[in-house]
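Report on one structure; see the data block that follows.
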Amino acid sequence: MAGVLGMILAGGEGSRLRPLTESRSKPAVPFGGSYRLIDFALNNFVNADLMRIYVLTQFKSQSLFHHMKKGWNINGITDRFIDPIPAQMRTGKRWYEGTADAIYQNLRFMELSEPEQVCIFGSDHIYKMDIKQMLSFHKEKQAALTVSALRMPLAEASQFGVIEVDAEGRMVGFEEKPSAPKSIPGDPDFALVSMGNYIFEADVLFAELIEDADNENSSHDFGKDIIPKMFPRGDVFVYDFSQNRISGEKAEVYWRDVGTIDAYWQAHMDLLKTDAPFSLYNRKWPLHTYQPPLPPATFTDSDNGRVQIIDSLVCNGSYVRGSRIEKSVLGFRSNIASACDISESILLGDVKVGEGCVLRRVIVDKDVDIAPGTQIGVNLQEDKKVFHVSDDGIVVIPKGARVGY
């Protein structure tokens with residue numbers, strides 16, 4: 001679809017995901033063993049045959065650039081590209097000051113692409129969405145701007161932009177992260193919230209960005225400034241994400257904000273459920289990513305016992321000897337010695353776990369070496385002296401750590 005340009009906001013610092021974001025940006029954080037968070041946004045575009053995409057980066061972007069270069073390089077195909085663009089301070093010596101400013105500072109690239117519509121999406125949520133369906137809705141309504149939205153429990157809605165709509169789907173109210181969110185009429189326990197995904201008519205977007213950039217009182221953010229200014233005109237519409245249908249998927253849509261350690265851990269546990277609400281296996285909606293050239297995972301018994309793999313994902317290049325792995329995700333090249341007991345844990349890859357270790361509800365970042373006999377997640381009071389422990393008791397081992405030596 002040559003008239004459509006994708007702009008993916010991938011500059012998030014991800015401070016609430018520390019220590020996983022100490023050395024990488026939030027969109028580059030691994031997920032589900034084989035993927036990075038950025039992959040899910042990119043797949044939503046590519047599987048909808050929308051292949052003119054700029055990815056806007058900012059903080060600690062080297063890991064993200066490396067991943068995209070290896071896994072998402074489609075340059076050379078006429079009128080198709082997926083190009084990362086680092087923050088370049090084109091409008092002055094300053095970083096992006098808000099989501100709208102990030103797009104404004106790259107106005108030149110958009111104008112050169114001559115789009116009719118511009119799709120502006122985030123890159124740090126887990127979901128599948130056929131963007132063409134939202135685009136069709138946008139065109140049908142002859143909207144200047146379309147915002148995708150979903151129902152959210154009222155208790156959680158204050159973290160998002162809260163929307164009011166009329167019977168035709170037109171936005172008639174919007175408040176960014178309100179302390180007292182308004183509920184959906186007739187549905188008092190839920191609010192309608194913005195997913196942070198927008199489709200603009202290109203000429204409207206360009207004009208709004210230029211006007212906003214000249215406004216010294218603006219925070220240069222779509223949720224705080226652009227949307228509240230636009231919706232009273234009557235040409236801003238709201239796309240109901242629950243109506244998005246993907247062949248081979250359940251009717252009930254799945255969307256998770258993984259902006260905290262606890263949410264990130266829970267989204268992984270969702271993958272491991274018998275009837276997982278988010279599937280990695282739909283052939284009609286393949287999840288593309290970079291797959292390193294590694295041998296299959298290997299499982300062997302040992303003198304200390306038989307290997308047991310229960311309700312888990314184990315990636316290529318991994319080696320598990322005579323250990324029990326339950327409800328866990330093991331990333332590439334996870335090396336597990338014998339007599340280990342690992343449950344409800346996430347190993348991001350290139351992790352070595354020595355003989356007789358016990359891991360309970362632990363996230364282990366890359367390049368970690370855990371000494372034989374180490375127990376983590378068993379005594380949280382002791383763990384807190386050394387590691388980050390989340391509100392829900394998830395222990396996080398930082399990248400490159402040597403534990404128990």
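Heads up, the Cβ atoms here are built off N, Cα and C, so glycines get one too.
Swiss-Prot names Tyr96, Gly161, Glu176, Lys177 as alpha-D-glucose 1-phosphate ligands; from the candidate set Ser113, Ser136, Ser194, the record adds Ser194 to that same site. Residues Tyr96, Gly161, Glu176, Lys177, Ser194 are the ones the record ties to alpha-D-glucose 1-phosphate, and the longest Cα gap between any two of them is 21 Å. In the structure as shown, the Cβ atom of Ser194 (alpha-D-glucose 1-phosphate binding site) sits within 10 Å of 22 other Cβ atoms.
DSSP assigns Gly161 (alpha-D-glucose 1-phosphate binding site) to a strand segment in the three-state reduction.
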